[in-house]
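When I checked TrEMBL for this same protein, it listed these features:
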type	residues	note
ACT_SITE	His452	active site
COMPBIAS	42-51	compositional bias 'Polar residues'
COMPBIAS	81-95	compositional bias 'Gly residues'
REGION	1-20	region 'Disordered'
REGION	34-95	region 'Disordered'
TRANSMEM	135-154	transmembrane segment
TRANSMEM	178-197	transmembrane segment
TRANSMEM	209-231	transmembrane segment
TRANSMEM	237-255	transmembrane segment
TRANSMEM	320-338	transmembrane segment
TRANSMEM	368-390	transmembrane segment
TRANSMEM	439-459	transmembrane segment
TRANSMEM	465-484	transmembrane segment
TRANSMEM	496-516	transmembrane segment
Amino acid sequence: MAISDSPEVVGTTAEIGGSGGYSVRRRLSASFKADESEGLNKVSNGGNTANEVDGIVDDGGDNNDRINSETLFGSSSNGGVVSGNGGGESKVANGGGAQDFETAIKYVYRPSTPAHRKIKESPLSSDAIFKQSHAGLFNLCVVVLIAVNSRLIIENLMKYGLLIQAGFWFSSKSLRDWPLFMCGLTLPVFPLAAFLVEKLAQKKHLSDPVVVLLHAIITTASILYPVLVILRCDSAVLSGVVLMLFACTLWLKLVSYAHTNFDMRAIAKASVKEDDSKKELPYDVNFKSLLYFMVAPTLCYQTSYPRTAYIRKGWVARQLLKLVIFTGLMGFIIEQYINPIVKNSQHPLKGNFLYAIERVLKLSVPTLYVWLCMFYCFFHLWLNVLAELLRFGDREFYKDWWNARTFEEYWRMWNMPVHKWMVRHVYFPCLRNGIPKGVAVLIAFLISAIFHELCIAVPCHIFKLWAFLGIMFQVPLVLLTNYLQKKFQNSMVGNMIFWFIFSIFGQPMCILLYYHDLMNRKGKSS
């Protein structure tokens with residue numbers, strides 16, 4: 001059978017492979033004269049006049065049309081092999097025959113072979129950029145971020161020295177906060193009272209209206225009691241914030257406990273006959289379940305939860321070490337960067353406008369770092385450690401909120417325990433009672449705004465409603481980013497608006513507002 005010169009795309013494969021796994025394939029349909037093909041392994045293809053030799057260079061499945069010289073000539077570690085498995089493939093081992101090797105060089109990649117076969121985009125073009133892996137660029141950004149911030153830290157330490165005070169974590173003034181500590185120790189009284197109410201309701205000693213009234217009293221007292229203690233004591237702001245966070249968490253858990261048992265009681269009543277003389281309703285009111293719920297990393301009560309098989313003690317130790325490291329990093333950033341910037345600032349609504357903008361922008365980067373560290377420490381490290389110790393199985397404490405295209409997506413993804421509580425005990429109950437969807441969302445934001453204000457305003461002894469207004473301002477931002485997402489169909493627009501308003505502008509502004517109002521209050525009282 002004759003072999004010709006003309007390259008043609010057909011199907012037999014000749015592979016040149018070494019230990020690196022390179023394969024050289026080329027499709028040629030050639031009819032050469034017999035004297036030009038002497039010394040070659042002729043390939044017959046069922047009597048056809050075409051002989052097919054595949055010569056497209058394939059590097060691990062990526063047809064980049066490259067020939068590795070080590071593949072062709074072999075190396076000290078492998079013995080460069082032109083391999084074949086019949087049907088048009090010839091094996092040529094390094095040193096296995098000069099004529100065969102010359103054949104491989106001659107016909108594997110001729111100058112006339114097309115180097116450009118497909119329409120391809122550059123990796124960074126708009127049509128292909130999101131189809132590529134950017135892991136290398138991400139690594140570069142991380143390296144640059146570490147290098148730049150390391151230089152800034154060294155420069156700051158050389159210029160100002162170490163500004164962290166010895167009493168940053170604990171001092172003699174902390175002893176003034178003992179009333180708050182005692183208040184925190186007495187908070188378990190309220191879950192115990194809620195359990196007694198539910199037990200009496202299960203035994204049919206209390207009617208539903210009385211049960212609802214008692215739960216309303218218990219939940220209200222659980223939040224008013226810490227508020228009154230904080231307002232009557234001249235305690236540190238941090239201590240007050242911690243106590244208010246515990247109190248608000250307890251309130252949310254008590255509401256879920258009462259609401260869930262109310263629903264189970266209604267289902268149990270519907271399942272029994274009216275003339276049933278049973279002393280107890282057939283649903284579970286278990287103190288052990290309540291105790292586990294009160295310490296579990298969830299705000300939604302249920303009688304049982306998915307559980308893991310065992311506790312990974314080594315994993316817990318590693319997470320606790322990370323928690324200590326990142327908590328220390330937060331303290332360093334606050335003391336070394338945020339405090340000096342805030343102390344050298346003016347009230348953002350009373351001073352020079354351009355100066356206020358400069359302070360906000362300067363404060364935005366360290367504030368963002370602290371906020372990200374706080375999120376990582378609490379939502380990832382602490383909640384996962386708590387879940388591991390309690391063998392709590394559902395650990396979806398957050399989703400990929402950093403990719404949020406709208407403010408609505410952010411609030412649905414960044415704090416999953418609160419989101420699930422809102423959906424279960426506020427949003428859908430509103431819809432079931434005929435409240436429009438938009439009003440139900442507004443009610444959810446209103447509850448969130450009230451608790452944000454309580455957690456900040458009460459410890460600071462300042463009721464300027466900055467936190468409340470900041471959360472309620474999210475409602476128009478939700479509408480705006482939803483509109484932009486529908487109009488442009490681009491996830492980048494809403495995501496950039498979210499990062500700018502929430503992290504670059506919103507949080508630094510709130511810090512400046514509360515700091516100067518707190519300083520003004522202390523100045524007037526002294």
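Keep in mind that glycine also has a Cβ here, set from the backbone N, Cα and C atoms.
Note that the coordinates shown come from a computational prediction; the quantities given were computed from them, not determined experimentally.
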In sequence order, which residues at least six apart in the same chain have a CB under 8 Å from the CB of the residue listed as 'active site'?
Ala467, Phe468, Gly470, Ile471
With the transmembrane segment (368-390) as the reference, which stretch in 178-197, 209-231, 320-338, 439-459, 465-484 has the largest tally of C-beta pairs below 8 Å?
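By the under-8 Å Cβ criterion, the transmembrane segment (368-390) pairs most with 320-338.
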Which residues of the chain, 6 or more past the ends of the transmembrane segment (209-231), have a CB below 8 A from one of its CBs?
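Sequence-distant neighbours of the transmembrane segment (209-231): 179-180, 183-184, 187, 190, 193-194, 197-198, 201, 240, 243-244, 246-248, 250-251, 254-255, 258, 262, 454, 458-459, 461.
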Would you kindly list the residues that approach the transmembrane segment (178-197) from elsewhere in its chain, counting only those six or more residues past its ends and only Cβ-Cβ distances under 8 Å?
206, 211, 214-215, 218-219, 221-222, 225-226, 229-230, 232-233, 235, 239-240, 243, 246-247, 250, 253-254, 257-258, 285, 287, 290, 294
